[in-house]
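Structure, as structure tokens:
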Amino acid sequence: ASVEYDNEEDSPQIDARAHRPLDKRQEAAPTLRPVAPPISGTGYQPRPPKQDKQAMKKGPIIYPDAGGCKHPLDELGVLCPTGCELQTTLLKQEKTVKPVLRDLKDRVAKFSDTSTTMYQYVNMIDNKLVKTQKQRKDNDIILSEYNTEMELHYNYIKDNLDNNIPSSLRVLRAVIDSLHKKIQKLENAIATQTDYCRSPCVASCNIPVVSGRECEDIYRKGGETSEMYIIQPDPFTTPYRVYCDMETDNGGWTLIQNRQDGSVNFGRAWDEYKRGFGNIAKSGGKKYCDTPGEYWLGNDKISQLTKIGPTKVLIEMEDWNGDKVSALYGGFTIHNEGNKYQLSVSNYKGNAGNALMEGASQLYGENRTMTIHNGMYFSTYDRDNDGWLTTDPRKQCSKEDGGGWWYNRCHAANPNGRYYWGGTYSWDMAKHGTDDGIVWMNWKGSWYSMKKMSMKIKPYFPD
């Protein structure tokens, strides 16, 4: 018999028989058969007796189908399957197995793709988890810092509520009580002034007989008491009343401006500043007017006095603690109305700071230059001559700063500003949110209003 090969498996197939023929091309020569061992035993046993045929009958033995051929007799069981039978069986199985294998391969490929996708997704989730954990850690740190800060704020607020606010309330109550007393005092003063104005204007105190061109001339004529006098700078003008300070620096000072209690409103028009306004003096319990009132002498009168000869001006101020400073200008001239009462000052001495010539010492450069008063024209709310050049009519120094003055853009000094009790004030207290108090910035800054301020002039005599 010849050897056949299966095209599918490429393995030899041998025709099965009771013996296995030798394939000399692929197998070596068989070895010699060994000698059979001797038969063991001592002899035959006697024949057993016959048994009952019925007893000898056996039931059929059922063998499971092992996939091969059966013996003719069922008792002999299943023959060993031949190669052909195995091949046929395998071919039958192959038709079923191959689609299953292909399906399994497809499933394995899909599973592989799915596994790759899942791996990438897991990696992405892992990275996000790492980032989330880091972010959470950072958030925990920020939250901890925020909680710490909030606790500090809470403690600060609690401390203020427990300690500072009650103290501030006590201070405010004291301030309110003080203001109430001052209001009552002003109401009484207004009532007194109203009663006084109901009667014809007559001198309520004696006026000295001595008079002169100005207070220095009166001093030289023997008038050495500080009180109200009558002066006449030249024969062509009507005599008028002034207060003469005969004590400060050898006396002879003509008081041209005075602020001391807020009893007079200095937010006046051009013509009022031209003529003058306020109360020259009043009696302090004596028989003469020994106490100056609040007033502005008048631009025409001031201009005329400075034209008599070289004139100096002394500006004195006092804060609400009683501290005093002054600014002395050895040269002081006010030009006439045709020149808009232009201001000229020179030769500063004093400890208040040279606000009129140098501007506000807190400012620098152009901002400081804007606050210099020397050389400026006089301005009132109805006559804008300041250095604030703008097309907006609301932007006017005199309107915003409370009085008439030689404003630039706008001031370092504001003697004719609003009167604020207590000194310190703020933008929300001001009518226009500006520093409109009685200010001398070089001493107390913008937001401190003086208790007292005055301007006095006298002839200047070089040493």
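Just so you know, glycine gets a Cβ as well, placed from its N, Cα and C.
Per Swiss-Prot, the disulphide partner of Cys289 among Cys201, Cys205, Cys215 is Cys205.
Between Cys215 and the candidates Cys80, Cys84, Cys244, Swiss-Prot annotates a single disulfide bond, the one to Cys244. Rounded to a whole number, the C-alpha distance linking Cys397 (disulfide bond) with Cys205 (disulfide bond) is 39 angstrom. If you count neighbouring Cβ atoms within 10 Å for each of the disulfide-bonded residues Cys205, Cys244, Cys397, the highest count belongs to Cys244.
Cys289 (disulfide bond) is 11 Å away from Cys244 (disulfide bond) when you measure Cα to Cα. On the 0 to 100 pLDDT scale, the model's mean across the domain 'Fibrinogen C-terminal' (206-461) is 94.
The recorded positions shown are Cys289, Asn367, Cys410; of these, the one with its CA atom nearest the CA of Cys215 (disulfide bond) is Cys289. Here the CA atom of Cys289 (disulfide bond) lies 44 Å from the CA atom of Asn367 (N-linked glycosylation site). For the recorded site, Cys410 (disulfide bond), the DSSP three-state label reads coil.
Rounded to a whole number, the C-alpha distance linking Cys410 (disulfide bond) with Cys289 (disulfide bond) is 36 angstrom.
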